[in-house]
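Chemist: First the structure, then my questions, so here it is.
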Amino acid sequence: MKRRKFSSVVAAVLIFALIFSLFSPGTKAAAAGAIDQAAALENGKEQTGAMKEPEQVKWYKVTPGATDIQKNSHMALTVKSDSVLNVSVYPSKEKALKDETFEMYRSFTAEDGKSEVIFPYAWSGPYYVKVEYLGEEEPEDGGTAEAAAEAKYTIGYKGTKKQPSDLEEEEACPVEMSVDQKKSGKGILDKLRSIRDEQLSQTAEGKELTSLYYKAAPFIVAKLALNKTARNEIYQDLVTLKPLFDDVSENGASSSYKVTEKDQKAINRLYDKALQSVPSFLKEEIKKQADRLNMKQLQGKTAGAILTENNIAAKSEVQTTKVIFKVKDNKSLSSVHNEMKGFSASAQSKKDISNVKKAKKLFDNLYSFELPKDEKQNGAYTASAKRVKSAAATLSKMSNVEFAEPVQEYKSLANDIQYPYQWPLKNNGENGGVKNADVKYEPANTLLSKRKLNDTLIAVVDTGVDSTLADLKGKVRTDLGHNFVGRNNNAMDDQGHGTHVAGIIAAQSDNGYSMTGLNAKAKIIPVKVLDSAGSGDTEQIALGIKYAADKGAKVINLSLGGGYSRVLEFALKYAADKNVLIAAASGNDGENALSYPASSKYVMSVGATNRMDMTADFSNYGKGLDISAPGSDIPSLVPNGNVTYMSGTSMATPYAAAAAGLLFAQNPKLKRTEVEDMLKKTADDISFESVDGGEEELYDDYGDPIEIPKTPGVDWHSGYGRLNVMKAVSAADLQLKVNKLESTQTAVRGSAKEGTLIEVMNGKKKLGSAKAGKDNAFKVNIATQKQDQVLYLKATKGDAKTSYKVVVVKGKPSGTPKVNAVKTKDTAVKGKANSKAMIRVKNKSKKVIASAKADAKGTFSVKIKKQKAGTVLYVTAVDTDKKESKEAKVVVEK
């Protein structure tokens, strides 16, 4: 039989017409007896098989060994046959019996009679493979179908290592078409996938429709692949239905779009073509469902009403694409815009970079802008990845631009074996990053591996967590989980966001699978408050926070945001009062304002950094930002078993939450405020000042400039700095506590483990050092420091090494200096005052006649001319805050 090249977009469009024909058909389950007889497949060994009847199924299972898992990240399963065979791979027997798997793990024998599924080693196995015979194609001339022949095939798999860049995205549309058709086809394909993945997958009816899609697709595309006229007709209908697809994808069951007469005719034509393409047994199944709903009488109905009848409701998420660029030092954004006027580039590139004049200033000379919308597509954003890359390349060639590159909100890539790609744990400086700009996971892990730690409960209040993945097995407390969306105890993730967050926190290390989480002692409480589209109301979230606190969580991760709510604020206070540390994402708007609940006083707000150790372009910043952590291109687990790159403060927050959990694991008696303070005071300073002196300008609602407030030791964009886990856990290990240091004090005091070496630094200059004694107390003598001076206290003992930020606060004014007796023969006024105080000697008229600084111990000697007996002098001390003491009156003696 001649095989034909297929188009997934054509199949998807045709099958979408069947959405309206679905009427509670009931999900078909696999026969338990058949799956129990599944044949075992071995790595590198092929097997043969044969089936005689349509809809016949053969089962196989794969149980990868430890060596295979450590060596390979995926298996490449191949089925070869001249017949039409559907192939599905499942992560477990339970999933196989329910026919639940991801689209990328379904395939069918194509043009060359070969089907390949790349499946990740992300579950503990065994994995199950279903091979299904679908019968033969209907003849194109309408004649009698060929008698079903025996379907012979070969099946086998090989282990393979897929690096992140090796993962392939779904094929857009291999069918031959014009450029305009490719654009339309790709755009509509994205909408249809959104409808299928975010809406149909949520109901039994939707799953049955999807199952029907996989059965019918091979036959539909085979009919159309070689028929150009039919394809053109399909695309005309596709364009007709585009507004319907757009509205349903965006609004789900809330769609108010009414099916028009033109829509109805397009649906009818698509439906008829589908019926003409499939074998008899599928044709009857499709017709039965269409007749039940009277599919050809949909005109005038709203899409939302039709979807509601079928229990399908979800909302997709729209994404944008940006370019980020840095203007060279001593240059400005206007200089780039002026250079563009005479710059040689293609018309498309010039159009794409035209929005540079509207670029948003992130900080210093770093800017971002969005490519202009394509007006030909009704204002829809259609810029391709190729166009974005080209725009960045064009900017990079300009003399006033230091660099430019595309900024992507998330990027799907591949899957311990993927540890080299976890730059937040170990940044090697690759892909434009800065070496060692990471959270210092490896030295922290080395230190903690020698210590006895307690398990710590961390609640992920999110979309749920997929606990079936091997890297999260035993890490998720499903017995403590709850679903506030479905109002049950099944907190399984149906969106992916919560699993990604949980992987960052607690994925098992050194087990060969997938990736490494930051906190080996974390146990995740999955609390589902967001639905399959990633949205939820304040009441659900508030209840989730309270629930997590009541279940014993020491840390709550809130990678979500929205408007202020008194209900939510109450829940935050409730948890804080129970000594729960709450980490909340600062927001992804790139604005000078924190989102809520990050702006609440009851949480630790977390911003995001990138590989270059700078605040990420999307990260909200400003007043109240506590700390930053890696949040750009962060790899972690998603429910389909792969490790996926995502960007956002949602990804930065779990690093801070995991680090907080480690401190509680070291000492469960710590207060949440102590943990937060330790994380902030040990963070790495990543702030920098503009070389050309330019500063970010802020404006109020009336357009008047606002002065950026200055807080010593805190950066406007990154808070206290980028998370440093090694310093934080070392501080906890050393039991380090530092007393407040006032500008009038001459010693830094605190406590630490006996023998801990304490050094006080002002930049690279050491001001003093001492060791903690048997009573754990330390005192480091230093000269008095000015108010707001930022010092760093280095503490070291064994493997534990930390640097703790100390900001000098305003001290009490200097006391009246103690002055020695002054005689007529003396040429100096001597005495004691505060360390480094400026001593002023005044005459009877209170005019300063001499001055000098006291030394580090407060001893002073101010040179004066010899005075007559009975002369009255006044002596004062001016401290580092420039506060002058009361006068000490001295009468010169003989």
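Glycine is no exception: its Cβ is also placed from the backbone N, Cα and C atoms.
Not my notes, these are from Swiss-Prot:
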SIGNAL    1-31  signal peptide
DOMAIN    422-729  domain 'Peptidase S8'
ACT_SITE  Asp462  active site, charge relay system
ACT_SITE  His497  active site, charge relay system
ACT_SITE  Ser650  active site, charge relay system
Chemist: Mind telling me which of the active-site residues Asp462, His497, Ser650 has the densest Cβ neighbourhood, counting other Cβ atoms within 10 Å?
Modeler: Asp462
Chemist: Could you say whether, by DSSP, His497 (active site, charge relay system) belongs to a helix, a strand or a coil region?
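Modeler: The residue in question, His497 (active site, charge relay system), is helix (DSSP, three-state).
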Chemist: Would you kindly give the Cα-Cα distance separating His497 (active site, charge relay system) and Ser650 (active site, charge relay system), rounded to the nearest Å?
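Modeler: The Cα atom of Ser650 (active site, charge relay system) is 9 Å away from the Cα atom of His497 (active site, charge relay system).
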Chemist: Please give the average pLDDT for the domain 'Peptidase S8' (422-729) in this predicted model.
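Modeler: Mean pLDDT for the domain 'Peptidase S8' (422-729): 89.
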Chemist: Sorry to bug you, but what's the C-alpha spacing from His497 (active site, charge relay system) to Asp462 (active site, charge relay system), rounded to the closest Å?
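Modeler: With distance taken Cα to Cα, His497 (active site, charge relay system) is 7 Å from Asp462 (active site, charge relay system).
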